[in-house]
Amino acid sequence: MSDAIKVGFVPLSAAARGILVVFCDDGLKLGPATAKALGGATELVKRAASAAAFKGKSGAALDILAPEGVKATRLIVIGAGKATGLKANDFLKFGGVAAGKLSATAAAMTIMAELPDGAMTSEQAVAIAAGLRLRAYKFDRYKTKKKDGEEGGSRADISLAVGDVAAAKKAFASAGHVVDGVIIARDLVNEPPNVLFPEEFARRASLLRKLGVKVEVLDVKAMDKLGMGALLGVGQGSTRPSRTVIMRWDGGKKGEAPVAFVGKGVCFDTGGISIKPAGSMEDMKGDMGGAACVVGLMHALAARKAKANVVGAIGLVENMPDGNAQRPGDIVTSMSGQTIEIINTDAEGRLVLADVLWYVAKKTKPKFMVDLATLTGAIVVALGTEHAGMFSNNDELADRLLTAGIESGEKVWRLPLGPEYDKLIDSQFADMKNTGGRHGGSITAAQFLQRFVDGTPWAHLDIAGTAMGAPKTDINQSWGSGYGVRLLDRLVADHYERK
């Protein structure tokens, strides 16, 4: 993991280096230290704003050549709107906008972390720093040719000029670990499937041991002994053996029940015998976005030494067509003892989750479980790419996830569960079938999963629209978004860490 930029903090009075970024409100008013740094150039900024019809709208940017007397190569003015009532996500966006103004050859940038009424708080400045790193991320390790101006590979040095350097550094030490977790998740989602198969994914998850995370890897023999027939059935058509990885971070009170996060890790999904169309099948390398999030989250929590007991569990398989592959009509027995008729082998993620959820519920007795999965195309039809679908058997957990989604910017939207949907997954030959047809596809998938939580408070996040291939944003220009790491870190920090 490496960054294209290096972020540091300096006093507001420090001399600018490279590109200078400042903030204004919708009246083009600057902060006192900013106005002092620009000197007589403030009038030139106003004239440039008028010529460009720049109104200081939140997130808008005015890019001009640095005026004479300003020690910078370029001057960028970012609008902060009314500059009151701003949230952490606004500052995250400001950082992304600033990073977007870095050219491939830019060596340095100085950002005046000041609003018209004075210096930003340390938390606001740190949110800008996080936005810078998230926007600057790129996955180009397999490119052998660079575009013009990209040669050299040197990192841009970005300085945030702040009111309290020590406080900003301390706050960023923690927030930076969360950004690292997002980057890890993005890397995993972006990797090609010939590189990131179940065994390799398990190896990378095992690297968390360096941070003090306990990691247990279950191989096929161990899973077979446990009776995980639902998960194993999905992977039996692949030459790559399946794995389940259990990660434990014990940062809370000894003996206290953990909170648990479970990720679907289908490293490549052809659909199996119910094979997918060829168009865009390459995107199915990202069908492990839930597992990627869980690994990134466990990194973030361990690196920042979260004061909570946390379990992360991921089921890793490849869903391939083969003479040994699972067939429509097969009946498998899950770890819970419940039997499942396979109607469509492309409804495989819920089979993986069924066994991992049951394992976690029975073996770790968590306070709650949250699973994440790129589970259904139906959720993308329903919610697009702005929200993940959320289903839950516990209102308190659901409300906390909704709030964490708003605060982190990784939004969720609750959809219903109910016994009236059960008949859609009734089977003539087994306890249930693995798909309920076209109607309410995301709901019936969640209804299926609910049968494997053993009464544990639980939420299911369908992240098919948010984990991969979503439109680019101010803080993400990557195909893999790393969705869920910031959301769940916020959930843990707000409600489940000992004070």
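From the backbone N, Cα and C atoms, a Cβ is placed for every residue, glycine too.
What Swiss-Prot records for the Mn(2+) 2 site is Lys264, Asp269, Asp287, and among Glu216, Glu341, Glu348 the residue it adds there is Glu348. Sequence-ordered, the extra residues of this chain that approach the Mn(2+) 1 site, with Cβ no more than 8 Å from the Cβ center of Asp269, Asp346, Glu348, are Val234, Val266, Thr270, Gly271, Gly272, Ser274, Lys276, Met284, Asp287, Asn319, Thr345, Ala347, Gly349. When each of the binding-site residues Asp269, Asp287, Asp346, Glu348 is scored by how many other Cβ atoms sit within 10 Å of its Cβ, Asp346 comes out lowest.
Spatially close to Arg350 (active site) yet at least six residues away along the chain are Ala373, Leu375, Asn434, Ala445, Phe448, Leu449, judged by Cβ distances under 8 angstroms. Counting only the Cα atoms, the space from Asp346 (Mn(2+) 1 binding site) to Lys276 (active site) is about 8 angstrom. Long-range neighbours of Lys264 (Mn(2+) 2 binding site) (same chain, six or more residues apart, CB within less than 8 Å of its CB): Asp287, Met288, Gly289, Gly290, Ala291, Ile314, Gly315, Gly349, Val352, Leu353, Asp371, Leu372, Ala373, Thr374, Leu375. It is 8 Å from the Cα atom of Asp269 (Mn(2+) 2 binding site) to that of Lys276 (active site). Glu348 (Mn(2+) 2 binding site) sits 12 Å from Lys276 (active site), taking the Cα positions as reference.
Around Lys276 (active site), the C-beta neighbours below 8 angstroms that are at least 6 residues distant in the chain are Asp269, Thr270, Met284, Asp346.
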